[in-house]
Amino acid sequence: MTSQVPCYTIINSPDLEVTNEMQLKRDLEKGDTNVKIETLKRVIKLLLNGERYPGLIMTIIRFVLPVQNHTIKKLLLIFWEIVPKTSADGKLLQEMILVCDAYRKDLQHPNEFLRGSTLRFLCKLKEPELLEPLMPAIRACLDHRHSYVRRNAVLAIFTIYKNFDWLVPDGPELIASFLDTQQDMSCKRNAFLMLLHADQERALNYLASCIDQVHTFGDILQLVIVELIYKVCHANPAERSRFIRCIYNLLNSSSNAVRYESAGTLITLSLAPTAIKAAASCYIELVVKESDNNVKLIVLDRLVAMKEHEGMEKVMQDLVMDVLRVLAAPDIEVRRKTLALALDLVYSRNIGEMVLVLKKEVAKTHNVEHEDTGKYRQLLVRTLHTCSIKFPDVAANVIPVLVEFLSDTNELAAADVLIFIREAIQKFPALRALIIEHLIEAFPQIKSSKIHRAAVWILGEYVEGSQILEVIAVIQQTLGEVPMVEAEQRRLAGDQTEEQKQQQGSAGGNAAGSAAEGSGSGNASNKVTSDGTYATQSAYSLAPVAKAEKRPPLRQYLMDGDFFIGAALSATLTKLALRYAELETEARAQNRLTTQVMLIMSSILHLGKSGFPSKPITNDDTDRIFVCLRTLSERTPEAISVFTLYCREALGKMLDAQHDEDQRMLKEKQKATAKVQPDDPVLFAQLSNGRDNQLGENVFESSLNQALAGSKNAQLSDVASPNSKLNKVTQLTGFSDPVYAEAYVNVNQYDIVLDVLIVNQTNDTLQNCTLELATLGDLKLVERPHPVVLAPHDFCNIKANVKVSSTENGIIFGNIVYETALNTNVVVLNTIHIDIMDYIIPASCTDTEFRQMWQDFEWENKVTVNTSFTDLHEYLKHLLKSTNMKCLTPEKALSGQCGFMAANMYAKSIFGENALANLSIEKPVDDPDSKVTGHIRIRAKSQGMALSLGDKISSSQKQSVQAA
């Protein structure tokens with residue numbers, strides 16, 4: 001019996017406190033009210049920590065129970081709840097008869113709070129001998145004037161009827177008559193809840209009698225009504241037509257909780273288009289009006305689940321514009337989920353309206369500065385990108401909006417715009433002229449070398465005809481005066497360069513106009529100095545100094561030492577010159593353009609070697625520029641083909657590979673969707689390992705199963721299947737030990753549950769058999785398991801919870817301590833290793849996101865490849881399987897045998913941590929028996945994640961070597 005007493009809390013007590021039972025009795029007997037309160041608190045703590053003081057019960061009955069103090073009354077309710085009420089043979093203690101009489105007096109007390117709290121306490125009693133004499137007093141409380149007493153009396157009768165129905169055989173009739181005469185909503189809710197579980201027929205009769213007034217009830221009663229309707233209709237589908245109108249009415253309830261539950265119930269009862277639309281509209285309204293972001297995300301998940309249902313998706317497509325109203329929420333996660341949902345639902349009839357809304361959202365981001373504004377712009381760019389590829393008709397309207405992002409200071413959004421432009425210009429030849437035109441206009445306003453580099457590549461690859469000269473002109477404008485070294489020398493000497501003359505000429509007209517309008521003091525502004533006096537400062541004297549250091553963007557990149565943009569610019573100019581030569585028949589014009597282009601390249605080389613830039617040009621960039629110069633001077637057919645044909649073909653192949661990968665993932669997703677066919681066999685829960693439920697599942701059963709399973713990603717079969725449990729059993733002791741122990745390790749999302757089986761293999765009774773555990777790593781034991789008594793050859797199960805807070809490898813170790821008639825013995829347990837793989841799930845991200853995370857994460861772990869594998873592809877498969885990561889590099893990019901392989905891998909933990917890995921391996925092509933060599937670089941935000949993943953890779957390599 002003692003092992004089954006519930007332990008509600010554990011309160012730490014200082015070790016220095018010495019507990020004396022005689023002192024406790026003296027304080028309880030002779031102390032004043034405050035002393036009795038403090039002593040009673042100490043007794044409660046000691047009882048909760050496992051101490052036993054049977055001699056105190058009579059003292060408390062004689063000297064504490066009669067005290068009419070509310071604090072003492074509250075503490076006594078806790079004391080009587082936790083104190084052992086039975087003797088060693090399981091019989092009720094004689095002293096409890098006196099306590100029972102005290103309960104009866106409290107139930108008749110004029111103070112309604114004391115009555116109500118006593119009734120709540122009676123719900124926790126498990127001794128029918130104590131409850132039986134109190135039944136008349138409990139029944140009398142149903143007629144009390146105060147609702148607090150009445151509603152707790154209903155709960156007490158409900159609990160007693162559920163546990164000991166023979167104590168109140170007429171419970172349902174009693175509560176049904178109480179419900180008919182009751183006006184208080186909390187009392188009606190508790191009474192209706194009892195009828196729901198004890199006598200559904202009476203609950204249905206009551207609901208049918210007042211079904212037209214349901215919308216006037218309080219939210220607590222409406223929630224119980226929704227639960228009743230769901231259970232009844234799920235058990236008896238013929239009742240749907242009787243109560244579905246009530247659910248429709250509850251969709252308009254003033255309580256958001258009732259509306260949420262009603263919408264979820266409605267779509268499980270009916271798949272009619274009107275029902276789906278009403279439920280989805282209700283969900284959308286909840287997301288829009290609810291301020292809590294967690295609630296928004298939960299309701300959005302429900303909408304996503306509805307969308308996954310094939311029959312519901314078509315109905316929800318007309319609600320895309322309503323879904324986009326959620327974008328008014330400032331939270332980036334809510335916006336991300338909303339845009340993903342809208343993208344899945346949009347179709348040809350409403351894509352135009354959706355693009356208009358997204359364009360308005362783009363305009364809003366220009367005037368709002370928020371920490372997530374840059375991420376939101378990036379989301380909008382990607383959404384418009386997907387819309388344009390999915391529906392090419394809107395691409396022409398989207399391109400002008402997106403090109404504006406190129407001048408944005410947020411490099412991520414601008415990079416995504418260029419990714420979109422690159423794909424659109426390849427897939428939609430009709431839009432190339434429009435895209436090039438807008439790109440040329442935006443080119444001088446770009447502020448990032450990375451964006452300029454990508455824009456230069458697109459212009460060089462796809463510009464045609466007369467636009468070639470326009471592109472070269474805008475490049476020259478953005479590059480500045482050529483030769484650049486001479487221009488920088490003049491700038492250093494204080495002479496005016498060509499661009500300074502142009503800037504001064506354009507500014508001179510403005511200055512003359514302003515001077516004509518104002519007086520002599522019109523070009524000066526007053527400034528306040530530190531001592532409070534005014535100082536005059538001329539705008540004309542300051543402006544030239546500021547403008548003296550201002551250079552064109554491309555020139556500034558080169559002066560900062562970024563000559564990679566110079567190499568990319570040289571390749572683009574080479575392509576333009578070669579294409580112009582194909583179009584222009586006159587040799588003189590060809591040569592003029594070629595020499596102009598070669599002058600720019602040689603000027604970049606000269607500048608890189610001159611010492612003016614902060615960093616000199618690298619050998620790699622020098623070689624690239626020399627290749628371009630040599631190609632223009634020699635004009636070999638092979639080199640011309642590389643510049644004019646192969647680059648575009650490579651892009652086309654890459655986009656095709658991405659499209660094939662997306663289609664493959666879409667097919668896998670469709671295959672994973674469970675579809676019930678007419679001839680599918682009926683599955684019995686006891687005989688099956690579990691199965692993905694349909695949307696029309698019993699949500700109460702599934703929520704209970706999910707709560708038991710713990711892990712969000714664990715299927716029911718992973719928890720319920722005996723086979724899966726056997727795979728996770730760890731033997732803790734040997735078969736020859738006096739105590740045999742084995743543990744089933746159940747890894748949940750935030751904790752680990754150890755279900756330990758302990759078997760007494762001796763002929764002796766083991767007293768105080770205690771499982772003592774300790775942890776190593778980022779693990780924490782939640783509570784110490786209670787000691788048990790094991791009879792000869794008896795066994796028991798002990799559960800221990802271990803809290804997990806991060807993705808790291810951990811070790812659980814300990815021993816079993818037990819007492820026999822002669823001495824105390826200890827059995828040391830085998831260690832339990834907690835695998836990091838239980839917390840890592842494969843995930844995917846874009847190349848841009850991968851590079852950004854790789855740049856941001858500071859912890860890196862480099863693992864050297866040491867394996868017996870001789871095939872690069874086999875080693876990659878082994879690595880993905882052992883680390884549970886996803887390979888982001890397309891399969892086509894990895895195909896073939898060239899003796900070298902590089903791949904990116906990505907995974908996420910259930911705690912939201914990201915793990916990146918880059919594989920770089922090689923082997924000689926001419927030696928098929930040679931082993932794979934190379935290294936794996938792991939990056940993560942936390943050190944523990946990087947080290948744990950590296951340890952996992954190293955251990956998997958050792959296992960493969962030993963197996964070989």
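Counting starts with 1 at the first residue shown.
Just so it is clear, glycine is given a Cβ too, placed from its N, Cα and C backbone atoms.
Worth saying up front: this structure is predicted, and the values here are computed from it rather than measured.
When the repeat 'HEAT 2' (238-275) is classified with DSSP, helix, strand and coil residues number 30 helix, 0 strand, 8 coil. Residues or ranges marked as repeat 'HEAT 2' in Swiss-Prot: 238-275.
Look at Swiss-Prot and you will find 314-351 tagged as repeat 'HEAT 3'. Same-chain neighbours of the repeat 'HEAT 3' (314-351): 273, 276-277, 280-281, 284, 287-288, 293, 296-297, 300-301, 303-304, 306-307, 357-358, 361, 370, 372, 375-376, 379-380, 383, 386-387, 390-391, 393-394, counting only residues six or more beyond its ends whose CB sits under 8 Å from a CB of the stretch.
The repeat 'HEAT 5' annotation in Swiss-Prot covers 466-506. In the predicted model, the repeat 'HEAT 5' (466-506) shows an average pLDDT of 78.
Feature annotation from Swiss-Prot assigns region 'Disordered' to 490-530.
Feature annotation from Swiss-Prot assigns compositional bias 'Basic and acidic residues' to 490-501.
Per Swiss-Prot, compositional bias 'Low complexity' is recorded for 512-526.
Here the repeat 'HEAT 2' (238-275) has Cβ contacts under 8 Å with residues 207-208, 211, 214-215, 219, 222-223, 225-227, 229-230, 232, 282-283, 285-286, 289-290, 295, 299, 302, 306, 311-312, 315, 695-697, 699 of the same chain, all six or more residues outside its ends.
Look at the repeat 'HEAT 3' (314-351): DSSP puts its residues at 30 helix, 0 strand, 8 coil.
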